[in-house]
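Report on one structure; see the data block that follows.
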Amino acid sequence: MFALSKVLRRSQSLRLGACNAVYSKLDIPLGERNIAIESNALIHDKHEALPRFYELSWSSSTGRRSLSSDAGAKTTGDDDDLEDKNVDLATPDETSSDSEDGEEFSGDEGDIEGAELELHVPESKRPSEMFKAIVSVSGLSVGSALDKWVEQGKDTNRKEFESAMLQLRKRRMFGRALQMTEWLDENKQFEMEERDYACRLDLISKVRGWYKGEAYIKTIPESFRGELVYRTLLANHVATSNVRTAEAVFNKMKDLGFPLSTFTCNQMLILYKRVDKKKIADVLLLLEKENLKPNLNTYKILIDTKGSSNDITGMEQIVETMKSEGVELDLRARALIARHYASAGLKEKAEKVLKEMEGESLEENRHMCKDLLSVYGYLQREDEVRRVWKICEENPRYNEVLAAILAFGKIDKVKDAEAVFEKVLKMSHRVSSNVYSVLLRVYVDHKMVSEGKDLVKQMSDSGCNIGALTWDAVIKLYVEAGEVEKAESSLSKAIQSKQIKPLMSSFMYLMHEYVRRGDVHNTEKIFQRMKQAGYQSRFWAYQTLIQAYVNAKAPAYGMKERMKADNIFPNKRLAAQLAKADPFKKTPLSDLLD
């Protein structure tokens, strides 16, 4: 553990700040790179220490639970083949998620794994019969499907329900999973346990918002309102990168006397990985003080943090520390390392890791095909993309299809990407919007506007629900085609949809275009709509907004006060940018007038 703190202290990108900091009330969003502080959280350099975050005094005298919430939606080799997955391909996006499931280099892939609940059900290579019954009948509520299931005299034991729940969660079918928990609550099939309440809390937070989740906690019997319930709420605040509320829950867990766990610290690492990397070392020191050992997920978060900062040396030091502590790299960790080597241009190192992942027989390690396709596509290795896809082609799995379409797009083989898409259409009577979305992204990347428009029409005609990922691709398509009015109209439709929340990138495509034009009015409009949609003001969002004023040569009245109100403090770069739009700046002419 001490070695980990030293590795982080040696890194400029992850400076260890003053550790006399405190347990505070937190508040910040996703994935910025060079962030100055955006919240009333820890400020390392000069601002006064704010209320309590990391007093480094979490009482560890309480008994500890052995629940491992780091599991849950693990991506394993048990993804179902498409022939058994028609219902999955047909599933519309039932939740708004800020993660882009089709993105091959999603830095937060491990975050999703860490935030899911463990249901203590062994994974099966085939969907449960109850799961099939729930999703196979379109237009039928989950309650009706389960009523019919009971009428037919089929199994209604806890294991059957939990297996179906795991399948629903694994496929991110959170709306149906929530309906299932509501039906169980009404029909009292078995006695509720804390994990059942935690599962429902998680689904309510995902589908209806964290504020509804917090309201639900008040209805949970006090005897079941334990650590698992609160850390589930914490994970959902972290998933939305809401620093203020995440830190508030973290502090409340301390106040309630819950023992600090590695899972809880991992959640804070995920949060700070996205919003303020300088705080990561403080979390590690807290782990050290409480004698908690980092687990595999801790190391994966740190590997991803270093890799996404392009600190490959630091990433390799984390891996060496991990090995010295006796923690073995799993295949998912290796995939993460390979991706970061690839994005850093270290082709040979990336390919070496990929070969290690593949082992002696790719057929036996079939579950790695998705990652192999993804990274080989990024490396422009057409021969390897084709070799891996050939193994999957006859009976492809869902994630392999998404990865293959994107990989062929990366190597500029659009016809091959289209062929994979057509194969899926033939194999399934209905296709998930995600499959359309990844092909649409290929069209966007290749500026194939007419093909993209045709695909959107085809998707609409098929009756597919359009999710956040698809709206994002459509908006980008119109922006790059110069049809900004249509892009903004699409954003409005996405906002008005009650089923999804547009991705932040959907707003940013339009903001960047208006900034390029020096259009302050419309840049401000999109900035405000982004806040109204529930996204907190972020450092780089203000950076973009201020650039609109600079490009328009217009004064940015009150900008400093607005930033201060959002707890955003400029770094040197932003301060210089702000000075250019300062309405009261001195010029040679103003000096003469003075």
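Each Cβ is built from the backbone N, Cα and C atoms, and glycine gets one as well.
The transit peptide annotation in Swiss-Prot covers 1-67 and is backed by sequence analysis. What Swiss-Prot records for 62-109 is region 'Disordered'. Residues annotated as compositional bias 'Low complexity' in Swiss-Prot: 62-75. The feature compositional bias 'Acidic residues' is assigned by Swiss-Prot to 95-109. Positions annotated as repeat 'PPR 1' by Swiss-Prot: 226-260. The repeat 'PPR 2' feature in Swiss-Prot is assigned to 261-294. Under the heading repeat 'PPR 3', Swiss-Prot lists 295-329. Look at Swiss-Prot and you will find 330-364 tagged as repeat 'PPR 4'. The repeat 'PPR 5' annotation in Swiss-Prot covers 432-466. Sequence annotations record features per position, and here Swiss-Prot assigns repeat 'PPR 6' to 467-502. The feature repeat 'PPR 7' is assigned by Swiss-Prot to 503-537.
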Point to revise | Helix-strand-coil residue split for the repeat 'PPR 7' (503-537), DSSP-based | key: 26 helix, 0 strand, 9 coil
Check your understanding: In the repeat 'PPR 1' (226-260), how many residues does DSSP assign to helix, to strand and to coil?
Key -> 26 helix, 0 strand, 9 coil
Study note, to complete from the structure: Taken over the repeat 'PPR 7' (503-537), the predicted model's pLDDT averages 91
